[in-house]
Amino acid sequence: MNISPQYLWNQVLERLQIRLTRPAFETWIQDATVQEWKDNCLVIQVANSFILNHLQKTYQPIIAQEVASVVGYPVDIQLTTAEGETMAMTGEAQSYQEKSLTQIAPESPKLNQLNPRYTFSRFVVGPTNRMAHAASLAVAESPGREFNPLFLCGGVGLGKTHLMQAIAHYRLELYPNAKVFYVSTEQFTNDLIAAIRQDSMERFREHYRRADFLLIDDIQFIEGKEYTQEELFHTFNTLHEAGKQVVLASDRAPKRIPTLQDRLISRFSMGLIADIQVPDLETRMAILQKKAQYENMRLPRDVVEYIATNYTSNIRELEGALIRAIAYTSISGLSMTVQNIAPVLNPPVEQVPASPEVILRTVAESLKVSIEDLKGSSRRREISFARQVGMYLMRQHTELSLPRIGEEFGGKDHTTVLYSCDKISKLQQKDWELSQMLSELSDRINMASRTQS
């Protein structure tokens with residue numbers, strides 16, 4: 001059959017898109033490109049060795065099947081990366097579905113603790129969570145193989161619980177009878193305490209050690225719980241030796257959990273530790289747009305950018321701000337504009353400790369006045385306003401008393417400082433442009449302070 005490599009690969013992609021789940025296709029297959037097809041060998045380039053290895057281990061049969069179905073005969077397939085790493089796809093073209101089915105036991109307890117919104121399709125992937133997402137999908141597809149245990153690590157509200165529950169949803173959608181246990185550390189401990197009180201430890205151990213998939217959230221709360229650590233150690237060993245998948249989530253790496261037994265640190269670190277960082281601006285905007293889509297809302301771009309710019313610490317705060325904005329505009333009947341939502345949201349300003357000199361210099365440069373003007377007694381409107389802004393920001397970013405702030409501004413009285421701070425605080429609740437300006441000034445002060453430290 002005389003067809004071009006690109007046409008062949010496009011046909012294969014169309015077929016794979018139908019056969020695979022959307023998260024699986026978008027994570028592993030979608031960005032792969034065809035490099036060459038000659039001498040009955042199709043060369044496919046992928047982004048990195050992580051994807052290359054997973055395709056070889058998990059998707060070799062289904063890719064081989066679809067390539068053969070397009071050209072009409074078996075074809076050798078070689079995977080490569082831009083760095084030159086290569087791997088041949090070899091082995092029997094066993095059915096992808098048949099291969100997975102052999103790993104699952106026929107019965108499973110009911111699982112009623114999952115949030116229906118926490119699925120892979122609703123998880124927004126960005127540079128700061130891409131590895132964690134890919135690893136989570138990998139263990140959901142092929143448990144007990146590459147990353148066991150998988151340890152998700154990141155701050156509060158960054159998506160660890162979402163990914164853990166997405167793993168559980170994925171397995172249960174494919175295999176409703178799979179024994180998938182998703183619990184918090186608190187629940188695991190409470191179950192253990194109840195078993196001790198009821199003299200039913202054997203039942204407790206049997207329950208957790210028959211899992212095909214054990215996902216434990218907030219594992220940092222195991223700190224100081226010696227007996228819980230003891231039971232978890234033996235449960236982990238039993239499951240791991242049986243090839244069952246364990247997934248753990250924490251706000252810190254295993255070695256940073258106080259009083260965690262060394263043997264548990266070793267076990268938790270033997271698989272993959274996938275870190276999740278604060279999402280960047282583009283990812284935060286994408287999260288808001290997807291959230292609005294599920295709420296059947298169309299958000300103006302400037303509103304999305306305003307919320308994403310001002311809520312940077314975690315996803316929960318970000319989505320909470322959007323919900324407040326939607327609720328306010330719905331109840332008030334106002335249109336969704338930055339001017340209308342800014343006073344209601346009143347976004348938090350990160351306060352990095354800063355020196356008075358940094359604050360004075362930042363305000364002077366940004367508002368086009370001199371430091372001498374800020375410390376002087378001029379009552380010109382633009383200078384007086386800049387001075388009030390400077391006093392407000394100095395109160396936000398330092399621990400200085402009102403009299404000390406007054407001294408930094410040329411010996412002003414503490415009542416003048418208090419008046420200025422109150423005035424700016426009240427104005428920003430009504431004036432979205434002022435609120436935005438204060439946020440930008442705080443960001444500049446933060447950046448300058450971090451550079452100095």
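Just so it is clear, glycine is given a Cβ too, placed from its N, Cα and C backbone atoms.
Applying an 8 A CB threshold to same-chain residues 6+ apart, the list for Thr161 (ATP binding site) reads Tyr118, Asp217, Ala249. Classification of Thr161 (ATP binding site) by DSSP places it within a helix. According to Swiss-Prot, the ATP binding site annotation covers Gly157, Gly159, Lys160, Thr161.
The feature region 'Domain I, interacts with DnaA modulators' is assigned by Swiss-Prot to 1-73.
Residues annotated as region 'Domain II' in Swiss-Prot: 73-112.
Summarising the annotation, Swiss-Prot assigns region 'Domain III, AAA+ region' to 113-329.
If you look up Swiss-Prot, you'll see 330-453 marked as region 'Domain IV, binds dsDNA'.
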For the region 'Domain I, interacts with DnaA modulators' (1-73), residues assigned helix / strand / coil by DSSP: 46 helix, 12 strand, 15 coil
Binding-site residues compared (Gly157, Lys160) - the one with the fewest other Cβ atoms within 10 Å: Gly157
Check: same-chain CB within 8 A of ATP site center, minus Gly157, Gly159, Lys160, Thr161: Gly154, Val156, Leu158, His162, Leu163, Ala249, Ile276, Ile315, Arg316
